[in-house]
Amino acid sequence: MNFSYSSLSTWTTLMTLGCLLLHSSISSAQLTPTFYDNTCPSVFTIVRDTIVNELRSDPRIAASILRLHFHDCFVNGCDASILLDNTTSFRTEKDAAPNANSARGFPVIDRMKAAVETACPRTVSCADILTIAAQQAVNLAGGPSWRVPLGRRDSLQAFFALANTNLPAPFFTLPQLKASFQNVGLDRPSDLVALSGGHTFGKNQCQFIMDRLYNFSNTGLPDPTLNTTYLQTLRGQCPRNGNQTVLVDFDLRTPTVFDNKYYVNLKELKGLIQTDQELFSSPNATDTIPLVREYADGTQKFFNAFVEAMNRMGNITPLTGTQGQIRQNCRVVNSNSLLHDVVEIVDFVSSM
């Protein structure tokens, strides 16, 4: 391409003007449910239809998508960093202990992104697609419907070390669990109890409950807070020397439905993993037990609390305005970030 000094000067001027317009318009942008109303209203239908199609062959996918969103937001905020693959510059969060061989649903997000890019190129971030997908997944499983605040942008890197430290482990005590939530700004008891209700559907691997079943706290005995009948059921599914990747339902009552039965289970000492049952059985649970009882007694109370907590979680340090980028492929940072930013500026200015 031949580029004269005059054309370069014009291009530079336009770039400067575009950047000023963009900065003045969205540098202090706040998340809003109407963010894509004019630029990509079809994103919601695209995401929902993708999940509906996937559910036909994979009933677990709704719970898996919700978990992806949770694991994304707890690591440097909801920035789609969990979706990035390994590079020479950083290690993927997919390799971190809380995600390795358990986080799933990435190809489904890829299909959503490809369809959204066809409909609305360079417009919707991967972070927002994952956020919308989590909401739609919950609703399709029988849970509440709500309008999610949008306008996030995508991280330029992954945070492997942070994923290993920020994500709560299945064997956490209640004080440890509270600390992990407070660490990301979720300091209300209702944040912890309502978001834990995401375990009302989906599955978990035997390896994460073996200590509860056979050697709790190195006692050689099962967790004393575990219902004895439920203990025998779980031991049948997860024998001492069996395959520890076998999957067990989080909710023995309605395993694929998003409802309040998770809390009913906790009251009966039938929480699957330690962090679940801690909400009701820990000596430190004086502020969580009343919420477990409240949500067990009323589905709508749980739904209302869950929506509020999801929106609070979705607002953990989002990238907005000129921060980050809008990835074209959720697995990789845009190969030419400067050129892509110029295109974004031109697109934005032309839409004003």
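One-based numbering along the chain as shown.
Positions of Cβ are set from backbone N, Cα and C atoms, glycine also.
Source: prediction; values computed, not measured.
Residues or ranges marked as active site, proton acceptor by Swiss-Prot: HIS71. Around HIS71 (active site, proton acceptor), the C-beta neighbours below 8 angstroms that are at least 6 residues distant in the chain are ILE82, GLU93, PRO98, ASN99, ALA103, ALA163, LEU167.
Classification of ASP72 (Ca(2+) 1 binding site) by DSSP places it within a helix. Other C-beta atoms found within 10 angstroms of the C-beta of ASP72 (Ca(2+) 1 binding site) number 28, with every protein chain shown included. The feature Ca(2+) 1 binding site is assigned by Swiss-Prot to ASP72, VAL75, GLY77, ASP79, SER81.
Its own atom aside, the Cβ of PRO168 (substrate binding site) has 19 Cβ atoms within 10 angstroms in the protein chains shown. If you look up Swiss-Prot, you'll see PRO168 marked as substrate binding site, on the strength of sequence analysis.
If you look up Swiss-Prot, you'll see HIS199 marked as heme b binding site, on the strength of sequence analysis. Taking the Cβ of HIS199 (heme b binding site) as centre and 10 Å as the limit, one finds 23 other Cβ atoms among all the protein chains shown. For the recorded site, HIS199 (heme b binding site), the DSSP three-state label reads helix.
Taking the Cβ of ASP259 (Ca(2+) 2 binding site) as reference, residues of its chain lying under 8 Å away and at least six apart in sequence are, in sequence order, GLY142, GLY143, THR200, THR299. Swiss-Prot lists THR200, ASP251, THR254, ASP259 with the feature Ca(2+) 2 binding site, giving sequence analysis as the kind of evidence.
Marked as N-linked glycosylation site by Swiss-Prot: ASN86 (among others). Sequence-distant neighbours of ASN86 (N-linked glycosylation site) (same chain, 6+ apart, CB under 8 A from its CB) are THR92, ASP95.
The annotation N-linked glycosylation site is assigned in Swiss-Prot to ASN215 (among others) on the grounds of sequence analysis. The Cβ neighbour count for ASN215 (N-linked glycosylation site), using a 10 Å radius over every protein chain in view, is 14.
The N-linked glycosylation site annotation in Swiss-Prot covers ASN227 (among others). DSSP assigns ASN227 (N-linked glycosylation site) to coil in the three-state reduction, placing it in neither a helix nor a strand. Neighbours of ASN227 (N-linked glycosylation site), defined as other CB atoms within 10 A of its CB across all chains, total 15.
According to Swiss-Prot, the feature N-linked glycosylation site maps to ASN243 (among others). Listed in sequence order, CYS206 are the same-chain residues six or more apart from ASN243 (N-linked glycosylation site) with CB atoms under 8 A from its CB. DSSP classifies ASN243 (N-linked glycosylation site) as coil under the three-state reduction.
What Swiss-Prot records for ASN284 (among others) is N-linked glycosylation site, and it gives sequence analysis as the kind of evidence. Remark: ASN284 (N-linked glycosylation site) has THR173, LEU174, PRO175, LYS178 as non-local neighbours, by Cβ distance under 8 Å and separation of at least 6 in sequence.
Taking Cβ-Cβ distances under 8 Å and a sequence gap of 6 or more within the same chain, the neighbours of GLN30 (pyrrolidone carboxylic acid) are GLY151, THR320. In three-state terms derived from DSSP, GLN30 (pyrrolidone carboxylic acid) belongs to neither a helical nor a strand segment and is classed as coil. The pyrrolidone carboxylic acid annotation in Swiss-Prot covers GLN30.
Feature annotation from Swiss-Prot assigns signal peptide to 1-29; the stated evidence is sequence analysis.
Of the listed binding-site residues SER81, THR200, THR254, the Cβ environment within 10 Å is emptiest of other Cβ atoms at THR254.
Highest local Cβ density among the binding-site residues ASP79, ASP251 belongs to ASP79, counted as other Cβ atoms within 10 Å over all protein chains shown. The DSSP secondary structure for ASP79 (Ca(2+) 1 binding site) is coil.
Looking only at the recorded positions VAL75, GLY77, HIS199, ASN215, ASN227, the one with its C-alpha closest to PRO168 (substrate binding site) is VAL75. Same-chain neighbours of the Ca(2+) 2 site beyond THR200, ASP251, THR254, ASP259, judged by a C-beta within 8 angstroms of the site's C-beta center, are, in sequence order, PHE201, ARG253, PRO255, VAL257, PHE258, ASN260, LYS261, TYR262.
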